[in-house]
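A short write-up of the structure that comes next.
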Amino acid sequence: MESCQNNEADRWDQVIVDNLQRDLSSELSLLRAPQLSSIEKREHLKVYLRIRPFSSAESHSGESQDCVTIERPDTALLKPPNLSLGARLSTDKSLPQTGQRFQFTQVYGPETSQRELFQGTVKDLVKDVLEGGNSLVFTYGVTNTGKTFTFLGPDADAGILPRTLDVIFSSIDEQVFTGTSIKPQRCSEVTRLTAEQQAEEAAFKRNFLGQLKENERSNASLMNSTNKTLFEGKI
Ligand SMILES: Nc1ncnc2c1ncn2[C@@H]1O[C@H](COP(=O)(O)OP(=O)(O)OP(=O)(O)O)[C@@H](O)[C@H]1O
C-alpha cells in the first residue's frame, strides 16, 4: 500500500516537474528576445577613449605613433609599442605586428581639445543633473595616460571638472541660496541650523579661509626664497 502510495506520489511529482519544465521553457523562449533588447535600450554606460599626444620625450625616443590607430570614430586598433617588451621579444621583425581592436562609445584623438571632449562626453550629463538626474564620471587608465589632465587640466586649459562646475554655477546663478540656515548633508539631504550653529559654521568658514590664505602666502614666499637661492647658486 505504502509502495503504491509512493508510486502515486512519484507520478504526481513527475507531472508537476514536467509541467514546471514545460512552462518555464516556453516562457523563457518567449521572453528572451524582448528582454535583451530592453536591456540594450536601458544601457547607460558610456566608455570613451582619449588618446593623448606624445610627450616630447616619447617623440624623441623614436616611438612610432602607429601603436594606436583610430580606425573608426568608435574603434581603435592597438599594437604593442616598438619599445615594449612584447615587440622587442618578437624575433621576426619582417612580420607585420598584430594588433587588437577595441570598441568604445567614441574615440578622441590626440588633437582633441578640452572643450571638444567636455562637449562630446560630459556636457549632456551635466544638463541631466541640473534637471535632477544623477551621473557618475570617472577616468581610468595606467599612470601617465592623461587622467588628471582630462579631469582637472592645467589652469589655462580646464578639464571636465572645472567646466562642469562652471556650467552648474552659471546655470543656477539666480537660484543660489545665500542664507546660512541650511547645510548640505551626505549626497542629497540638508540639515537646518539653529542660530548658534550658524554662528559656529561662520566662524569655522572664516578660520578655514584664513588658513588657506595663510598657506598660499607661505607657499609663495617659500617659492620666492627657493627661486632666489637657485638663482644665486647659478650666479
Ligand atoms: N590631452 C593632452 N594634451 C597634452 N598633454 C597631455 C594630455 N593628456 C596628458 N598630457 C600630459 O601627459 C602627462 C601625463 O598626464 P597626467 O598627469 O594627466 O596623467 P595621469 O594619468 O593622471 O597620471 P598618474 O596616474 O600618474 O597621476 C602630463 O605631463 C600631461 O600634461
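Heads up, residue numbers simply count up from 1 along the chain you see.
Any Cβ shown, glycine's included, is placed from N, Cα and C.
Quick look at what TrEMBL lists:
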DOMAIN    44-235  domain 'Kinesin motor'
BINDING   GLY141, VAL142, THR143, ASN144, THR145, GLY146, LYS147, THR148  ATP binding site
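TrEMBL feature annotations superimposed on the structure.
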{"residue": "GLY141", "record": "ATP binding site", "Cβ within 10 Å": "12"}
{"residue": "VAL142", "record": "ATP binding site", "Cβ within 10 Å": "6"}
{"residue": "THR143", "record": "ATP binding site", "Cβ within 10 Å": "5"}
{"residue": "ASN144", "record": "ATP binding site", "Cβ within 10 Å": "11"}
{"residue": "THR145", "record": "ATP binding site", "Cβ within 10 Å": "14"}
{"residue": "GLY146", "record": "ATP binding site", "Cβ within 10 Å": "16"}
{"residue": "LYS147", "record": "ATP binding site", "Cβ within 10 Å": "17"}
{"residue": "THR148", "record": "ATP binding site", "Cβ within 10 Å": "12"}
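Each of THR139 belongs to the same chain as GLY141, VAL142, THR143, ASN144, THR145, GLY146, LYS147, THR148, is absent from that list, and has a C-beta within 8 angstroms of the C-beta centroid marking the ATP site.
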